[in-house]
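See below for the structure under consideration.
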Amino acid sequence: MLLLAAASLVAFVLLLYMVSPLISPKPLALPGAHVVVTGGSSGIGKCIAIECYKQGAFITLVARNEDKLLQAKKEIEKHSINDKQVVLCISVDVSQDYSQVENVIKQAQEKLGPVDMLVNCAGMSLSGKFEDLEVSTFERLMSINYLGSVYPSRAVIATMKERRMGRVVFVSSQAGQLGLFGYTAYSSSKFALRGLAEALQMEVKPYNVYVTVAYPPDTDTPGFAKENQTKPLETRLISETTSVCKPEQVAKQIVKDAVQGNFNSSIGSDGYMLSSLTCGMAPVTSIMEGLQQVVTMGLFRTIALFYLGSFDSIVRRCMMQKAKLETVDKTA
């Protein structure tokens, strides 16, 4: 009887595995596609642009610094696979004025055609204890990390729905899946992208438009190096419990997931665990994905409790260390 039950379970899983591709989105063909990348002058954004260009896409790079844009353009063009490919550069702050963002998207579409894939990669990170952060820091991060993704997405979505095809990618962070010491401003702005993505996916899925939320870990980028200069000790020690990823590795995974129409894009085993653990009511791209989340949830929650205990221990040790230093200073 037990053997029969096991055989039935295996047969059921195999059936799901075979049926799953039939209900998954049709992959987006990148050769000849128009890909817009905000925050594309450096870091993950630039690497995403390179990865798409390698596969034959036409690229529109959007960022604030014109000099960095032109430098990135030269680097990306080295990876062309045919002489028809184009890299268009547009200098604009995507978080300030929606009408300006809408206009530059129209310009890009007039030159390179309708946008097939938008990658919202513009963002920044600032860390610090809640009471030490200025209120303006919360406003700034919400503007750049959240509205800086809302505006470009709003500018392309109508055309995608009309064409009944497209991809919209939101680059969040693992700090957009769990809140950590020092990230009260950053995490909240990245968590907001998850809610936006889930609601938007439900709206546009009937039009064959698919949304991807990427949750990269700490990545070796200029932004990460700058963030480390002011990162609280507790935040730095927690971050050091995992390794730093290369932006090329992160970009390759994001592009792969976006092309496939996957809602979640995670990097590495920790990323996979976090995405499964925090899936909530998020959409799934395949039956197998949903089944994996159901099966692994209990195990991953158990592992997560050990992680949380470790992080809390780091915070307590730092607190005790500071208290000792204060005592020494008072007695000196």
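Backbone N, Cα and C atoms are what each Cβ position is placed from, and that goes for glycine too.
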Further NADPH ligand in Swiss-Prot, beside Gly39, Ser41, Ser42, Gly43, Arg64, Lys68, within candidate set Asp93, Asp97: Asp93
Secondary structure content, the motif 'GXSXG' (39-43) (per DSSP, counts of residues): 1 helix, 0 strand, 4 coil
Fewest other Cβ within 10 angstroms of its own Cβ, chosen from the recorded positions Ser41, Ser42, Ser172: Ser42
Sequence-remote partners of the transmembrane segment (293-313) [C-beta within less than 8 Å, at least six residues beyond its ends]: 180-181, 238, 241, 273, 276-277, 279, 284
Local confidence of the prediction over the topological domain 'Cytoplasmic' (314-331), expressed as mean pLDDT: 83
